[in-house]
């Protein structure tokens, strides 16, 4: 029975049946499952170190790529938006459209190109650790990268030169600094960068006759093959500009400190002079050294302020015009129809008084006693202009402090000097009106007097009216002079100096205050930009010079970080403007609030005064 069964199992016909094949399949499947279970059990008890390392390495590589992409995208976005805000601020705010800010605008253009092109491509190259975008795209990225980076450096150098000349040579440099010249200098920065980098990046493989860059890499070839060219470009692009910028910034800093000290001394001198002028007038005080210093100070102020004029000018009553012969004539303002208004006009013309401020009133009696300038004064009036003028009155002595005269007048004391107007072509006509200025300089203790020549008749008035007006004018002038002399204290006239220069000192103080404020803002901005530039660019240039002579000695991570640090400089620059310039901060806030329209002038002015 058993043999029969075995025989039947060995029968070839039985092996070909469907049942036998199913049994074999089941047996094989069970054995395979048992083997897999045993392997799985042994693997669980003793895990493989290689499999574990591979899994963690894969996860770490993916995490590293994600982190690099996120950081690079964040910096690219911040750099692009920050520099775009600088450009928009320059466009929408008229107060920011200055020549100095043109350089900042150019710097923002270079930085925004770095944020849009250079940072994203470098992020991609660093994340996948190979370059698979092709040779043409590699050359394009390198050319734009080095071009804009070097243009950014040269713009910083241009800003430093602009600040240096503005502080050290304000009178000669600022008037000649125009928008056209600024744009020319900005164009030069890009032209120099264009000559320095892109041609050599593209042509260097052909100059050497071979491509030495490894496949999957994107580098500047001469930075790897020629150490001398590498050092030369580093010196031209970084070391030389940063050295010049440091020297210029040091000079700007010391010049600013020097001006602040000089301004403090000037304020102290002006306060001391004002106190001295208010002291009582005594002969002993006039002979003292302190009074001589006051005289010297007042003469300098007078020479500086009134050296350009040689006539008695009254604000609102005398205006310079050109006649047909090319001479400059001083026409008196037209008088009104009423007789009282004419008298007041004559009185103002003779006394040099007007309804202006104390500064204008003081300027009315200010004269330059230089012979040449006085002799060239022209008072001839053509016949066609005579209906629009008021006649000068008869001679009236005008008190004038001797300490306010210039050195030319000091040499003519104890005598009288008559300065006549230069005859003009119309002087041959009897109808032309001329008058002279008579200055009498007496003893040291007395006051000199200024006299105007006799009045000419007013043509539109009848003879009786003319005579009456002249007598009224003379009487009113005498009364005016008598009342002024009685009201003056012994040293009251010494306050002419104070009245003359008070308004000017105030305006000069405000002007210098604004200049110091602008210089301080510019110095802060320059210092912040310079410090950020040195901190972000120094590591890369040190590594490049080291790698030129000692290749493959610096870790790749350190080289990548130093390269990316140069890009961060373009991110920091807009923040430097905002931190150091309140106007940029204000405009940034306007942009963030989407207020692109111009604000009311009163609001802008109030904001400027607060800052």
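Cβ from N, Cα, C; glycine included.
What Swiss-Prot says about this one:
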| type | residues | note |
| --- | --- | --- |
| COMPBIAS | 307-317 | compositional bias 'Low complexity' |
| COMPBIAS | 503-519 | compositional bias 'Basic and acidic residues' |
| DISULFID | 138-218 | disulfide bond |
| CARBOHYD | 28 | N-linked glycosylation site |
| CARBOHYD | 33 | N-linked glycosylation site |
| TOPO_DOM | 1-67 | topological domain 'Extracellular' |
| TOPO_DOM | 89-101 | topological domain 'Cytoplasmic' |
| TOPO_DOM | 123-140 | topological domain 'Extracellular' |
| TOPO_DOM | 162-181 | topological domain 'Cytoplasmic' |
| TOPO_DOM | 203-227 | topological domain 'Extracellular' |
| TOPO_DOM | 249-525 | topological domain 'Cytoplasmic' |
| TOPO_DOM | 547-557 | topological domain 'Extracellular' |
| TOPO_DOM | 579-611 | topological domain 'Cytoplasmic' |
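Same-chain residues lying 6 or more positions outside the topological domain 'Extracellular' (547-557) and placing a CB less than 8 Å from one of its CB atoms are 223-224, 227, 230-231. DSSP classifies residue 218 (disulfide bond) as coil under the three-state reduction. Using a Cβ-Cβ cut-off under 8 Å and counting only residues 6 or more beyond its ends in the same chain, the topological domain 'Extracellular' (203-227) has close neighbours at 125, 130-132, 138, 141-142, 146, 544, 547-549, 551. Confidence for the topological domain 'Extracellular' (547-557), expressed as mean pLDDT, is 90. Sorting each residue of the topological domain 'Cytoplasmic' (162-181) by its DSSP state yields 17 helix, 0 strand, 3 coil. Note on residue 218 (disulfide bond): other Cβ atoms within 10 Å of its Cβ, all shown chains, come to 19. Taking all protein chains in view, 18 other C-beta atoms sit within 10 angstroms of the C-beta of residue 138 (disulfide bond). Counting residues 6+ beyond its ends, the topological domain 'Cytoplasmic' (89-101) has Cβ neighbours under 8 Å at 108, 159, 162-163, 166, 177-179, 182, 522, 583-584, 587-588, 590-591, 596, 598, 604, 608 in the same chain.
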